[in-house]
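Visitor: Let me give you the structure first, and then I'll get to my questions.
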Amino acid sequence: MAHVLVVDDSNTMREIVAGFLSKNGFEVAVATDGRDGLVQLNKDPGIRLVVSDINMPNMDGLTMAEKIRTELCNKDVRIVMLTTEDNPAMRTRAKAIGINGWIVKPFRGDAVLGPFRKLCGMG
Amino acid sequence: MTETTNLAAKVLLLEHDAKQYQCLMDFCERMGLMAMPRSAPDALATLSQHKDLGGVMLAEDLPLEGMDSLALACSIHKLRPELPIFLRRTSNQPLSEEQEIAIRHPWTTGDLAQLQSCVERSIFSLRYPTELVNGVVELTCSAMRSMFPHATVKAESPYVVHDRIIFGQVSTLIPLESTWCRGYMMLQTEEGALRQGLMQGMGYEGVGGDLNFRELNHLLGETTNLIWGAFKNRYIPPKAFANQQSQVPIVINHEHKYISFGSQDPQLCVRYQLSDPRRPGLPPLTIVQRLIFNLHWSPEEFAVFADASSGSSAATGELELF
């Protein structure tokens, strides 16, 4: 079972995204902000995909992704931003960091299920 | 020039003269005012029921027991000082200082041009571009449909309010900043109605847990976040991004005296006691201060800053000549 970490400060979004992924065969962990995301990822090396919001208290999603690539030296985990942001400069920064994908909210499960499966190597 | 929308506004209308009443109803229709005609004795009760008014219109010679129209206008002003009051003058008697403060827009009976000028100056003092109003409604409906996928979402005609009273118990607040604006957006709703809607299945199945007030706060917070994101993507040009900082909605639940800045971190809190030295036995006034660094917090950077400024503080209350 592919292991996904959902990082969002909104309880509601965590429930929507994690609920959808769980129903569709993913094992899901959750984190409440970027700082918590790093802790969860460190605890569980089995995580294959991180789906993260950007605007969060304590640590935003882009900073978290940057730390995953640089401080944790984790180049393998796939990172997708799920955000209200559609800012070209942020996308450019995301690409430079090594983020694998970008979804502008609202979340539409049917639109991401296939790509998420591929990113997790589920065929 | 940008095309602006002729928005509506609700006004409380207190008028007993049949001819003037009709004249004012026609005026309101022409100006886009939604008149709420009431009898003078019901005025204060109506105010407590309607928290989204744009103003109050009343005649100077309303038949009232135990008080006159001017006193009623002062009472309305005391209750809701933000509401402009339009007084139809029927006498030449000068207004007292207190009455002049309460009644900002007296107008002479029959002079509708004067009334129109007052309404335009006060109720419709800001003009909103049609494209913006329509766009905000469209992106908000879209965000609401995504958060409440099993609900039918319809927007009523937009209008302007001067009231500052909050609707319902749950509200959110988020800054809106662009090259052309700096301000806030709020969502306000009733906790019970929100819970009921979710119990009926308007939202996502399984989302919201036992629908306690915190869950409801989160839901409105995320709806705010979605609207804010869509607003940013549509109305904030890239050149404004240099100064853009990340934001999270602030959620307030008045019923439970609850406010969330989105972070679970402890807040720095100081309580201040203000007491009357002449009456030491009386309980003090308590003022609570909280500092919430929810979006960025770096004590290390503060230490660097504090070292550099080495404890010097700006002189206050002194004139500095350049």
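Using the three backbone atoms N, Cα and C, a Cβ is placed for every residue, glycine included.
Predicted, not measured: the structure shown is a model, and the values here were computed from it.
Heads up, here are the entries from TrEMBL:
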- A:3-120: domain 'Response regulatory' (DOMAIN)
- A:D53: 4-aspartylphosphate (MOD_RES)
Visitor: Which residues does A:D53 (4-aspartylphosphate) neighbour through Cβ under 8 Å, counting only same-chain ones at least six apart?
Guide: A:V7, A:D8, A:D9, A:S10, A:M13, A:G61, A:M81, A:L82, A:T83
Visitor: Counting by DSSP secondary structure, give me helix, strand and coil numbers for the domain 'Response regulatory' (A:3-120).
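Guide: Taking each residue of the domain 'Response regulatory' (A:3-120) in turn, the totals are 54 helix, 24 strand, 40 coil.
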Visitor: Averaged over the domain 'Response regulatory' (A:3-120), what pLDDT does the prediction give?
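Guide: Average per-residue pLDDT within the domain 'Response regulatory' (A:3-120): 93.
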